Amino acid sequence: MMELPNGNCNGSSLNVCNGNGNLSNNDSLNWGMAADSMRGSHLDEVKRMVEEYRKAVVPLGGKGLTISQVAAVATQNTGVAVELAEETRYAVKASSDWVVDSMNKGTDSYGVTTGFGATSHRRTKQGGALQNELIRFLNAGIFGNGTESTQTLPHTATRAAMLVRINTLLQGYSGIRFEIMEAIAKFLNHNITPCLPLRGTITASGDLVPLSYVAGLLIGRPNSKSIGPNGQILNAKEAFQLAGIETGFFELQPKEGLALVNGTAVGSGLASLALFETNLLVVLSEILSAIFAEVMQGKPEFTDHLTHKLKHHPGQIEAAAIMEHILDGSYYVKAAQKVHDIDPLQKPKQDRYALRTSPQWLGPQIEVIRNATKMIEREINSVNDNPLIDVSRNKALHGGNFQGTPIGVSMDNTRLAIASIGKLMFAQFSELVNDFYNNGLPSNLTGSRNPSLDYGFKGAEIAMASYCSELQYLANPVTNHVQSAEQHNQDVNSLGLISSRKTAEAVEILKLMSSTFLVALCQAIDLRHIEENLKSVVKNTVSQVAKRVLTVGVNGELHPSRFCEKDLLNVVEREYVFAYIDDPCSATYPLMQKLRHVLVDHALENGDREGNSSTSIFQKIGAFEQELKTLLPKEVESVRVDVENGNPAVPNRIIECRSYPLYKFVRENLGTSLLTGEKIRSPGEECDKVFAALCDGRFIDPMLDCLKEWNGAPLPIC
């Protein structure tokens, strides 16, 4: 928007020419403003959003409103106060007075002296009555009273719409009194929310039907219903009394009804809520991808800055830098490197795409979401009705700013990005629970002693498939389903609110997926902790038994089998613990088979000495296995008990990682724990706790704490 120190005759900050008929701003097309709004990192922008969201007051002046401020007013009820900028009063009054003066002079203006839409050929001099009729015929929504289905727009979306509509009207181009905006602000500040229908708008000419119910409350229509701060149902009179509006119902002046309903505020308000959450969830998905790499023993080189610098896309570069920061210095990354060094053939040279290309996958989604955010922020600071009152040129401009195409397009794009994030999350989850891919974690992430009675996250994986399928369906565009409406006057329309509603649904599903994935990642972290403790005790026990049984012969002499210990320990080091630990000494499991294999190989190399019982390695095998069967199960059980009692010999290494704040939040603040078949608690109960935290914002601080040390740049290329 072009801003000049001296406003035009409307009293607003917008001007078109400098007095000589020349454009007064070299960014007259606003591309520079749009580009400037994208400066800095996405994470910094999210941090600013969170900071704004937590402020106690949202000042409204017709410009500078952000999606985070909309979300704050919409979701925090009386926790955030709305204040109208007094300096906007003059411009608002000027346009309102112009409408009245214009009608008194007999000027013919759409919606003031004419009918509406395709019937605008009709004429009347009863300006106030015309506005009342506008509200009456637009009250065409269905609420489903007496049925199980709810057809009412959510409370938060309605509050968002009210806030956005005030902001656009304050710019002084709509021909409406300042007192009406003050009344709407009082309803917001007293947490009184009119009931708006969920459906019935095509967001061109604006969100006519739902906004007519806000207008219906203001004029005291008998069918007007509101929800009070305690959930009580209020009629219009009760709502006015509770809000402290002493002037009584408004008698609409010419154009005021049209000014209230002919805007995109419902679609853009709900879009603001969806985007506020989406911006947070995409940062969460970056961190979850990094944690996924940690627990999967991934190779961190996929985040190397040179790779992403050569691709040039800023979203990808930032996603990689964030993951690189999480993985830098991670204990799991260091441990994985040791695994790769010991046996480079134990896993593929390259990690699978869901891990290795996660920055390339998430980067474009970040860019789409950022662009949609800026588009919606421009929309909620726009004048969206028709006609527009240009006091400075003494004319009413008949145009089409009510066309909510920026909402429909940005929401379609956002929904596609959300679906892509969910698809990546599902692919990562599927690898995590599959013991063929997860580098030693148990199948289904089972945590019990007996895997035959523990199927872990099998149900959660099925649920994730369901979530992902629905999310992919929702990714289909809304805006290509336009129907010609209102006697073919509204022959193209944006479907902005419908697209916003579908995007809000997609956000909910992504939260379901994110909460399930986060619980699974915490389970994997705990299983890595158990794995490390179990491997340690198995190595110690094998070492002790080897020293006791294999070092000396029957007469106390040094025995050739003493050289087997190193190779025996290498077997333990390389073998996945959860492949045998439920019955560590079973002859059908790989541990005992490979330990025996080592001893047999050494016996074959022992040559002629195998014929002598005092030097035969082969004859030691039975004693070694018997001793191991006596000791190892007891030691394994002892370690399990110690871990369960919070006294592990090896601490949980997540404490040493930058991802720890999120793990700590899930485990300590939300009270979740390792899921096993031996416990009563189900996966869904734990996922519900995390989902609630994603919905109410409690996850934000621990999420950002994971990145508090990041300086906003990738590690240098050395």
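Using N, Cα and C of the backbone, Cβ positions are placed for all residues, glycine too.
For Tyr110 (active site, proton donor/acceptor), the Cβ neighbour count at a 10 Å cut-off comes to 16, with all displayed protein chains included. Annotation note: Tyr110 (active site, proton donor/acceptor) sits in a coil segment as assigned by DSSP. As annotated by Swiss-Prot, active site, proton donor/acceptor applies to Tyr110.
Ser205 (2,3-didehydroalanine (Ser)) is surrounded by 28 other CB atoms, counting those within 10 A of its CB over all protein chains shown. Residues annotated as 2,3-didehydroalanine (Ser) in Swiss-Prot, with sequence analysis given as evidence: Ser205.
Reduced to three states, the DSSP call for Gln350 ((E)-cinnamate binding site) is coil. Gln350 ((E)-cinnamate binding site): 12 other CB atoms within 10 A of its CB, across all protein chains. Feature annotation from Swiss-Prot assigns (E)-cinnamate binding site to Asn262, Gln350, Arg356, Asn386, Lys458, Glu486, Asn489.
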To the nearest Å, how far is the Cα of Ser205 (2,3-didehydroalanine (Ser)) from the Cα of Lys458 ((E)-cinnamate binding site)? 49
Listed in sequence order, residues with CB under 8 A of Asn262 ((E)-cinnamate binding site) and six or more positions away: Gly111, Ser205, Gly206, Leu208, Leu211, Asn384, Asp385, Asn386, Phe402
Can you name the residues of this chain that are 6 or more positions from Lys458 ((E)-cinnamate binding site) yet have a C-beta less than 8 Å from its C-beta? Val433, Asn444
Do me a favour and check the Cα-Cα span between Gln350 ((E)-cinnamate binding site) and Tyr110 (active site, proton donor/acceptor); whole Å is fine. 66
Filtered by Cβ under 8 Å and at least 6 apart in sequence, the residues in the chain of Arg356 ((E)-cinnamate binding site) near it are Gly298, Phe302, Gln350
